[in-house]
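So that you can see what the record holds, here are the features copied from Swiss-Prot:
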type: BINDING; residues: G10, A11, G12, K13, T14, T15, R116; note: ATP binding site
type: BINDING; residues: T14; note: Mg(2+) binding site
type: BINDING; residues: D32, R56, G78, R135; note: substrate binding site
Amino acid sequence: MLVVLVGMMGAGKTTVGREYAKRHQMRFVDCDHEIEARTGVKVPTIFEIEGEAGFRRRESQLLDELTHETGLVLATGGGVVLDPANRAVLAARGIVVYLNVPTQVLWERTRNDRNRPLLQVSNPRERIESLYRERDPLYREVADIIVDGGRGNPGGMVRQVEKAIQNFHKKTCEH
């Protein structure tokens, strides 16, 4: 089984994904962390040197590579859905879970994080809202499952994801 988590920065993809993988004896990969490990530099440095387009190319290559694996939980970068080719890969491979979190919670979780290049603007809160408006329909387009959350603890969100995946399996087995 391949589980792919999508959602905005700060939605909890890494936290939820790591815990889900641990509970189900699966391998966990965070795309941003994997890109950093392979390049030897942080994401903001890649943005600085190669621009967002360069980073997105690396992200697309990694997504295509990793989504051929099974026994994997993959936390994607928030912007992975911007590329139609990535959306096609997501739609064709694995179970895609959209962690949908209110923008207020996203803001609270990310406002002090300097490792988020897209938020290094004069009004980061407005930027989060703008990115959400742009990306939410794309996350919904690729998602097999939508889990609304953000206010509870990460364990609660992991349980929601587990239950949603169980229900998804039941539905797909019935057809």
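Each Cβ is built from the backbone N, Cα and C atoms, and glycine gets one as well.
Structure with Swiss-Prot features highlighted.
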| residue | record | Cβ neighbours (10 Å) |
| --- | --- | --- |
| G10 | ATP binding site | 23 |
| A11 | ATP binding site | 28 |
| G12 | ATP binding site | 24 |
| K13 | ATP binding site | 27 |
| T14 | ATP binding site | 18 |
| T15 | ATP binding site | 19 |
| D32 | substrate binding site | 24 |
| R56 | substrate binding site | 17 |
| G78 | substrate binding site | 24 |
| R135 | substrate binding site | 20 |
Near-site residues: substrate, ref D32, R56, G78, R135, CB cutoff 8 A to centroid: M9, E59, T76, G77, G79, V80, V81, L82
Spatial neighbours of K13 (ATP binding site), counting only the binding-site residues D32, R56, R135 and Cα distances within 10 Å: none
Alpha-carbon distance [G78 (substrate binding site); T15 (ATP binding site)] in Å: 14
By Cα-Cα distance, the member of binding-site residues D32, R56, G78, R135 nearest G10 (ATP binding site): G78
Maximum Cα-Cα separation (Å), residues D32, R56, G78, R135 listed as binding substrate: 18
G12 (ATP binding site) versus R135 (substrate binding site) - Cα distance in angstrom: 16
Coarse DSSP state, helix versus strand versus coil, of K13 (ATP binding site): helix
Rounded Cα-Cα span from R56 (substrate binding site) to A11 (ATP binding site), Å: 19
For G78 (substrate binding site), the three-state class that DSSP assigns: coil
Alpha-carbon distance [D32 (substrate binding site); G12 (ATP binding site)] in Å: 13
Distance, D32 (substrate binding site) to T14 (ATP binding site) (CA atoms, angstrom): 10
